[in-house]
Amino acid sequence: AAAPGTGGDGRQDGARDGRQDSGRGEPKTLWGSSEPRPPAAGSGQPSPQQRTETLGFYESDRGRKKKRSLSDLSLLRFISAELTRGYFLEHNEAKYTEQRERVYTCMRIPKELEKLMFFGIFLCLDAFLYVFTLLPLRVFLAMFRFITLPCYGLRDRRLLQPAQVCDMLKGVILVICYFMMHYVDYSMMYHLIRGQSVIKLYIIYNMLEVADRLISSFGQDILDALYWTATEPKERKRAHIGVIPHFFMAVLYVFLHAILIMVQATTLNVAFNSHNKSLLTIMMSNNFVEIKGSVFKKFEKNNLFQMSNSDIKERFTNYVLLLIVCLRNMEQFSWNPDHLWVLFPDVCMVVASEIAVDIVKHAFITKFNDITADVYSEYRASLAFDLVSSRQKNAYTDYSDSVSRRMGFIPLPLAVLLIRVVTSSIKVQGVLAYVCVVLFYCGLISLKVLNSIVLLGKSCQYVKEAKMEEKLFNPVLTATPGKPAGKQQGTFKSTQGISTDENGSTSVTNQPVHQKENMPSLLVTSNSDQFLTTPDGEEKDISQDSSELKHRSAKKDLLEIDRFTICGNRID
């Protein structure tokens with residue numbers, strides 16, 4: 001007789017066994033049918049593909065005597081698996097290395113940023129001291145040359161050199177605006193602002209900041225237009241409205257900008273003298289609004305360079321405003337030294353808030369845009385290049401004007417306001433007082449000369465470290481960006497590096513040589529431009545050829561970026 005489950009009745013016995021097994025609670029097959037599993041060849045065990053999968057484990061075979069206990073599928077086993085579960089970070093080594101570098105970059109940002117700020121603030125100080133120290137002396141030398149001109153005769157058919165004409169224009173604008181500021185009553189403005197509510201003053205302060213940025217962008221263009229109109233060669237066809245209209249526009253701009261800064265200083269003075277200090281707290285909290293408006297924007301290297309220049313200018317301007325506030329308060333308290341310690345905590349709070357906001361803002365901008373901390377060294381080298389190039393024999397602009405274009409810092413309105421406040425706060429009477437004024441002026445000149453020497457040495461060091469000497473010694477003929485090469489007309493650009501005299505000595509302080517009218521402009525460019533070039537930065541150079549506009553993309557160098565250059569993003 002056939003064995004049970006085999007032979008002729010094997011199929012029925014197998015089916016019966018399968019029904020009995022399913023009745024005992026055995027799980028069904030993967031397809032959910034109750035048909036028996038076909039045995040594997042050479043064995044009575046089913047294949048792994050036909051086993052039921054539960055939580056990553058296969059069901060044990062029917063032939064095993066030891067069944068899996070129900071406790072293996074319990075909550076205790078799940079908790080045990082969660083507690084003993086492991087993983088390996090080296091499987092994604094690149095990602096975690098990048099995250100660690102971002103942390104190190106954020107830790108380096110405060111140091112690198114403050115090194116740039118420190119260098120930039122001293123650049124602004126050098127341009128600011130120039131107005132009080134060397135500019136009056138240069139104006140005196142230009143007037144002496146103009147008076148004694150008949151004794152020497154005309155050598156190059158010019159009454160004065162272009163730099164001397166610009167110096168005299170600056171001096172005349174400074175004197176006229178100073179006398180115009182006497183008609184503005186500071187005390188009346190102070191009490192008028194003090195009578196306003198806190199929320200009104202907060203709105204006024206924000207409006208003043210926006211107006212200062214807008215008027216600065218337009219003011220430097222007005223001054224540059226005046227300088228070029230006054231020094232443009234007369235042989236050319238007249239394409240301007242005249243020197244006198246430009247001069248009145250410049251005087252009006254400097255006067256209005258000085259009044260705007262005076263209102264800012266007055267508002268800050270009211271906040272300092274308020275009893276509950278709530279206004280000062282609200283005004284300082286306005287700095288943290290910059291974080292919200294800047295951090296979550298897309299920034300490139302050029303945009304971050306603009307923001308860094310703006311922060312340098314804003315910090316230096318705040319230092320001058322704090323100086324004005326302290327002078328006005330000390331005058332009201334008869335120069336009592338004890339009152340200075342009363343103002344000291346508020347001054348420290350303003351400075352600390354500015355530093356904290358700048359650090360946080362730049363740290364997160366570099367984090368979100370994958371910008372390394374080494375970019376601030378490039379920015380510092382770019383600012384140093386401006387200082388070194390302004391000392392060349394054929395420099396095309398004064399250094400103070402270069403700082404104005406690069407950072408948006410215009411020293412004339414701020415100098416007019418500071419002179420007005422100092423002369424109204426300090427009374428000079430007696431011979432000893434005038435001697436002290438002369439000694440103070442000599443001290444300012446010494447500070448200016450010392451600051452210029454140190455800055456020039458540091459700038460040469462930064463330029464050498466950045467390997468930018470080729471831009472000084474090996475200039476290349478190029479066209480001005482945005483214009484065809486054939487349409488260049490009389491633009492004064494930096495033409496050559498540090499020159500060599502007949503005796504073989506280098507010269508960086510000689511008078512510029514007048515260029516010919518039809519001589520094309522020379523831009524200081526070389527292959528080292530790749531160092532200060534944003535990889536994805538593009539600009540459109542438009543030229544007309546057969547009534548068609550052809551656009552070509554070019555890399556924009558940091559040396560071509562000033563405070564108000566649009567780089568495809570919002571300027572902050």
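Using N, Cα and C of the backbone, Cβ positions are placed for all residues, glycine too.
The annotation compositional bias 'Basic and acidic residues' is assigned in TrEMBL to 10-27 (among others).
Marked as compositional bias 'Polar residues' by TrEMBL: 44-53 (among others).
The compositional bias 'Polar residues' annotation in TrEMBL covers 488-513 (among others).
Per TrEMBL, compositional bias 'Polar residues' is recorded for 523-533 (among others).
The compositional bias 'Basic and acidic residues' annotation in TrEMBL covers 540-554 (among others).
The region 'Disordered' annotation in TrEMBL covers 1-63 (among others).
According to TrEMBL, the region 'Disordered' annotation covers 479-554 (among others).
Taken from TrEMBL, the feature transmembrane segment covers 116-133 (among others).
Residues annotated as transmembrane segment in TrEMBL: 167-184 (among others). Here the transmembrane segment (167-184) has Cβ contacts under 8 Å with residues 131, 135-136, 138-139, 142-143, 160, 226-227, 230, 247, 250-251, 254-255, 258-259, 262, 412-413, 415-417, 419-420 of the same chain, all six or more residues outside its ends.
TrEMBL lists 247-272 (among others) with the feature transmembrane segment.
The transmembrane segment annotation in TrEMBL covers 409-426 (among others).
For 432-457 (among others), the entry in TrEMBL reads transmembrane segment.
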For the transmembrane segment (116-133), sequence-distant contacts whose Cβ falls under 8 Å of one of its Cβ atoms, 6 or more beyond its ends: 170, 174, 308-309, 311-313, 315-316, 319-320, 358, 376, 379-380, 383-384, 387, 399-400, 403-404, 407, 409, 411-412, 414-415, 441, 444-445, 447-448, 451-452, 454-455, 458
Same-chain residue ranges lying at least 6 outside the transmembrane segment (432-457) that approach it to Cβ under 8 Å: 119, 122-123, 125-126, 129-130, 132-134, 387-388, 391
